[in-house]
Amino acid sequence: MDILCEENTSLSSTTNSLMQLNDDTRLYSNDFNSGEANTSDAFNWTVDSENRTNLSCEGCLSPSCLSLLHLQEKNWSALLTAVVIILTIAGNILVIMAVSLEKKLQNATNYFLMSLAIADMLLGFLVMPVSMLTILYGYRWPLPSKLCAVWIYLDVLFSTASIMHLCAISLDRYVAIQNPIHHSRFNSRTKAFLKIIAVWTISVGISMPIPVFGLQDDSKVFKEGSCLLADDNFVLIGSFVSFFIPLTIMVITYFLTIKSLQKEATLCVSDLGTRAKLASFSFLPQSSLSSEKLFQRSIHREPGSYTGRRTMQSISNEQKACKVLGIVFFLFVVMWCPFFITNIMAVICKESCNEDVIGALLNVFVWIGYLSSAVNPLVYTLFNKTYRSAFSRYIQCQYKENKKPLQLILVNTIPALAYKSSQLQMGQKKNSKQDAKTTDNDCSMVALGKQHSEEASKDNSDGVNEKVSCV
């Protein structure tokens, strides 16, 4: 842009396109005395810089000039950024719906993923469109200056919330592997929501200094007309607190979780191979279902038993979940690391580095980081069957899973042992009463028959007696 404004040869090369676009040449009609501008006037306007000393690069930064000189480039950029925005919003809305409606997905880890989807969705709604607008305006801030600090605050807030959620998920999974009894006993829906609130509170606290100081001093959020963090202290401290420290915790806990799962799987396989019998903890009450679930992961019983098979299955499920989360962690790190590393380099080698190159890299890397918010729903779709089936139904506007007729047949063919003993006793009493009533009716009918036969025989005997007496 600066080259086009400063070099006369570059400006004269654009006259061919100006001669072909009569409608666009009217943009310069205000600079001439005549009502309509012709091609020679346009040529003189671009070349005769001596007679027009007030012409500068600032005049070339108007929206009409930008749309004329960079029409093709800006349209491609707008198209790519619009695709990222649509994928981010639509995909994360599907994740929120899936966790809210599917009972299979309602657990602590998926609640964290739903909150992460909310952060990514808000990033697509509030931050990405404004960033796309700045691209169209040549990375100049086109909105009121007070909104610049608010926009940077939202950008840092949602990006920090994303990595804080991933860090919290990694810690939660590690605690669940290391201490399953304590984790299962104290891990409820309420506790999960409290952890999510804590994550959002930390994210707000980290990003709050930006609007506090940025609204008071515009120089902290403006640099040469562009809306960005211009304070080196903000850049350094914010990068380490909001990204590098949580990243270190997330990576360490994730690898410790993988190591613990491998160790547990090795122990379980060795127990199955050697058929070693360990303590059975038979003193536990059979009616305590929660206690049984708590010890399924930490107790290995006789090989071939139901508990041993289920322990191995639980380890396999944990490994699959860690695989999916590992892919999410890896993509987030790969997509955001270039931006934060370049951001730190811009502060450290401020004098020796080329600011134009650093600025261009930051503009590209920030959108690669935004792309991670759109990738997460795709990962869930590829590696989780429940998410995949839920997304396909939601796209078809089917928000409830269709029940198969076989399920109704199974409900109607429940064996008698599935009922409670009290229900069986009541049924037996009812049947015994009906049998007794039937027996009484039968007995009464027999009695009536006997009575009728006795009366008939009595009548006959009376008749005989009467006849005898008469004789």
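Keep in mind that glycine also has a Cβ here, set from the backbone N, Cα and C atoms.
Since this is a predicted model, take the numbers as computed values, not measurements.
The compositional bias 'Basic and acidic residues' feature in Swiss-Prot is assigned to 451-465.
Note on C227 (disulfide bond): other Cβ atoms within 10 Å of its Cβ, all shown chains, come to 25. According to Swiss-Prot, the feature disulfide bond maps to C148-C227 (among others), an assignment based on experimental evidence.
The annotation disulfide bond is assigned in Swiss-Prot to C349-C353 (among others) on the grounds of experimental evidence. The secondary structure of C353 (disulfide bond), as reduced to three states from DSSP, is coil rather than helix or strand.
The N-linked glycosylation site annotation in Swiss-Prot covers N8 (among others), and the record cites sequence analysis as its basis.
According to Swiss-Prot, the N-linked glycosylation site annotation covers N38 (among others).
Among the features that Swiss-Prot reports, N-linked glycosylation site is placed at N44 (among others).
Swiss-Prot lists N51 (among others) with the feature N-linked glycosylation site, giving sequence analysis as the kind of evidence.
The annotation N-linked glycosylation site is assigned in Swiss-Prot to N54 (among others).
Marked as phosphoserine by Swiss-Prot: S280.
According to Swiss-Prot, the region 'Disordered' annotation covers 451-471.
Along the motif 'NPxxY motif' (376-380), the predicted structure has mean pLDDT 89. The feature motif 'NPxxY motif' is assigned by Swiss-Prot to 376-380, with similarity to another entry given as support.
If you look up Swiss-Prot, you'll see 1-80 (among others) marked as topological domain 'Extracellular'.
Feature annotation from Swiss-Prot assigns topological domain 'Cytoplasmic' to 98-111 (among others).
The topological domain 'Extracellular' feature in Swiss-Prot is assigned to 138-146 (among others).
The topological domain 'Cytoplasmic' annotation in Swiss-Prot covers 172-191 (among others).
Feature annotation from Swiss-Prot assigns topological domain 'Extracellular' to 216-232 (among others); the stated evidence is experimental evidence. Long-range contacts of the topological domain 'Extracellular' (216-232) within the same chain: residues 134, 139-141, 145, 148-149, 151-152, 210, 238, 347, 350, 362, each at least 6 residues beyond the stretch ends and with a Cβ under 8 Å from a Cβ of the stretch.
Annotation note: C148 (disulfide bond) sits in a helical segment as assigned by DSSP. Shown for the topological domain 'Cytoplasmic' (98-111): DSSP residue counts in helix, strand and coil, namely 11 helix, 0 strand, 3 coil. Beyond the topological domain 'Cytoplasmic' (98-111), the same-chain residues lying 6 or more positions past its ends with a Cβ under 8 Å from any Cβ of the stretch are 117, 169, 172-173, 187, 189, 191-193, 195-196, 321, 325, 386-387, 390-391, 394, 399-400. Every protein chain shown contributes to the tally, and the Cβ of C349 (disulfide bond) ends up with 11 other Cβ atoms within 10 Å. Cα-Cα distance from C148 (disulfide bond) to C353 (disulfide bond): 26 Å (rounded to the nearest whole number). C227 (disulfide bond) and C349 (disulfide bond) are 21 Å apart (CA-CA, integer value).
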